[in-house]
Each structure stands twice: as structure tokens, then as C-alpha cells.
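Annotated features, as they stand in Swiss-Prot:
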BINDING   Glu71, Asp86  Mg(2+) 2 binding site
BINDING   Asp86, Trp100  Mg(2+) 1 binding site
ACT_SITE  Glu101  active site, proton acceptor
Amino acid sequence: MKIKRIEVLINNGSVPGIPMILNEIQDAIKTVSWPEGNNSFVINPVRKGNGVKPIKNSCMRHLHQKGWALEHPVRIKAEMRPGPLDAVKMIGGKAFALEWETGNISSSHRAINKMVMGMLERVIIGGVLILPSRDMYNYLTDRVGNFRELEPYFSVWRQFNLKDAYLAIVEIEHDSVDAQVSLIPKGTDGRAIR
């Protein structure tokens, strides 16, 4: 799988270990392949034909091997009970969060806002959201969150004046298309079966 771009929204102060963390994330993304066992990510170009959840599996396995905790709960506010973060690396008692979007665009907003809330509360020191490109989006489950659709809101998150915080969006894309490869299985929740 290839990384099209990394859009840094917040990079204030000193967040320890950022180069190492970003290298681990980029290396993990590059392990993502389809079909499984392939050395690249080849997608069947059926419009809305491919599932999204299986795509992140090898990335998460790689991060886990590097000491990241998977499906990690982070307590942000007493009145909030956000779902767990896909992956967390603890640095100096604080979490660096990673979310790989498998839901709709509303889920993308929630993922970013959860990380920003955690930074405001000082329990999260940084976060990265991984989103498909618009080209890749065309071949995935209907209405999955994607980079282009979230991009108009980047200026909102850039306005947060957070001390010692880092926030970025990584845009990913398939390496190639091939109508002969199998479709990525879809889940049975939300819009996955559409």
C-alpha cells in the first residue's frame, strides 16, 4: 500500500519520539497488501465492491509487534465514553493514538475529535488518522470516510493551540487495480453490505 501524503494539522512544542512513531506507522502501512501474501496492494476496481475492515489488519499486527496496544480505551472526560482507539503507543505515561478509518465520514470526524479532546485533556499527546484517497474510496464500501471529504475541515483543527501536541492525517491508496483479484470481504454492519 502506498502513502499519498501526510497532512500535519498540529505540530506544537515537543512531542517525544515523533520520528520513531511516524516511522513505525509508515512501515506498518507499507505492510498492507492484497490479496493477502502479495507484495503490494492490488484492489479489484468494482465501484463500492470492497470491504474496509480487513485492510487494516496487517498494519495493526505490525504495530502490535512494535509495542503498540490495540483497541485501547482512553478515558477522556467523565461524561464521555468514547470507543477504544485502534492503536496506542504509550510515551511518558501519555498516549499517542492511531485510528484507521473503517466507518463513514461522521466516524472520521469523531476519530479526530476524540484525539483532539484527549490532547485538550492532556491524556493524548498526539494522533494520526489514516484515510483512503478519493480514488481508493470509489472501490470501497459506500460512504466510507476519505481524505478529500475531510480536507475542508483541516483548517478547523489547525486552529487548536495545543501545547506539546501532534495531529496528522495520512492519505493511503492502492498500488494498482486488477479485475482478476478477489474482492475484499465486507462486514455486515452499517453501510458495509451496500
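Yeah, the Cβs are placed from backbone N, Cα and C, and that goes for glycine too.
On the structure: features taken from Swiss-Prot.
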{"residue": "Glu71", "record": "Mg(2+) 2 binding site", "contacts (Cβ under 8 Å, 6+ apart)": "Pro84, Leu85, Asp86"}
{"residue": "Trp100", "record": "Mg(2+) 1 binding site", "contacts (Cβ under 8 Å, 6+ apart)": "Ile55, Lys56, Cys59, Met60, Asp86, Ala87, Leu129, Ile130"}
{"residue": "Glu101", "record": "active site, proton acceptor", "contacts (Cβ under 8 Å, 6+ apart)": "Val52, Ser107, Ser108, Ala111, Leu129, Ile130, Leu131, Pro132, Val144, Gly145, Asn146"}
Name the secondary structure element type, per DSSP in three states, that contains the residue listed as 'active site, proton acceptor'.
-> coil
